């Protein structure tokens, strides 16, 4: 999609070529052609002026588009100064003559020539082919249109076709004749997918693209333009088969290797571009064959530098390298890098994206071994040396490689006064007023400038200011001289840094040993404190348990019924209980008392029944296993019994 600035330029060129003064009408026609200048001119000139150029397009004028000159006009040649002839609009209403289009249609081993007016439709071509080939229209696929597949109702005029066109017919629903093995192979190839492995030569990047066999070579080149930003006319290819002589040829018949084929593409040199341009016809329709390209270099079409389509050179001025009054230096550098690449190619120094302070940080404040020199490139579009310096010196492979290995490269554009004042302020802050004054007093023809900066402990030193009137060898020598100074300083910095790190390592080791000693003492102290705290905790638990047991014992003792006397009206059972220490506990119980009362009595003496067993002697039995709700009489502990306590395991 064209930018606003590009659209203004296209609109101006379109009005200059066609003479349409109504801006709204001109914009409408350009939008109908997707802002394609050549296609719009092709569609408008025959309709508006009734002009069909006999020299360029093989057609005749239907009426006087302008008053004939009093003297004969020179015959245009391929090396004419303009690829287009601006035509002034006629004040008279000119009747439009129909434009004839030639089609060569290929089907298997036959070629059919069809001639139609541009007011006809695609379906009418198919009707003619039906009569010639005896193939029903519904069974017929007409391929080879540069705009992709089209409907039968499409008017030929709306496709903006050149005078001569090549198409081919596919009939996938019809059986192939057994006698045509080549046609059978071609039909199979058209249904196959080709993998094109395309290497971008300048950036050494590889693209894997899938295309159907019915795709054309032109479609491949347009896709590559979208990926690499190299217009079709500037593409230099390697690897196409010798049979691929026409960009309108489909891949299936071009001789590509199946299923993969390797190709290499790069940007052609200006000399190659001019040779290709001179070989092309100056016909408007021939130029439109590369629609999808930008109309970049007027010089390639023999147009004078001062005038293109009657426009002054100011109308074709390139986009600025850097926006004026950019708020963010990083965004300004992004535009600078993109514009630099579009003007001078992708082989250029890697410009640091960020503020000047960030470039200082990257170059000067790393470890001594990783530090680099800072190169500041100061661009100026109005200097006559700028294009030569950028294209021949700054983009030289040796310079690019040396800068990328040893320098951080930062750039700024001084063309605009606001950007110039902004840089001088930065320069005064970082380098001092002397350097700022030096740059301020540089003359226009001394630009562009290349500043070599070396970072020091207390300040930043400008080692060299290289002006634009230099050569590649001289530029390389001055860069290498700066590197020698920097390398000597870097070795001293590395030595100082190593000594400082050694001292810091000894101090760190001492501090670490002291820290470990403190940690060991603290660990011992904490372990002792934990041990004392644990003992205290266990003692507290033991005391609490004893207090709890004593409380339980007292409560059980208080809950016991009073001991009956020996002379009692009720039967009395006398129990004698031997403790694990050999002492005996004696007490009388009523024979009707429950066994639980005996257990409570034993527990009140410090022998809880969940920790001790109460055993009888003859017969030996575990009394604690009996039902505690039964009476002593029922469990046969009457009239007297000797029991003993035994701790449970």
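Cβ coordinates are placed from backbone N, Cα and C, and glycine is handled just like the others.
Of the given residue ranges 453-505, 506-558, TrEMBL assigns the label coiled coil to 506-558. The range from 32-58, 59-85, 86-112 that TrEMBL describes as region 'Disordered' is residues 59-85. For the coiled coil (506-558), the model gives a mean pLDDT of 92. Sorting the domain 'UBX' (568-645) by DSSP state (H, G, I as helix; E, B as strand; all else coil) yields 13 helix, 29 strand, 36 coil.
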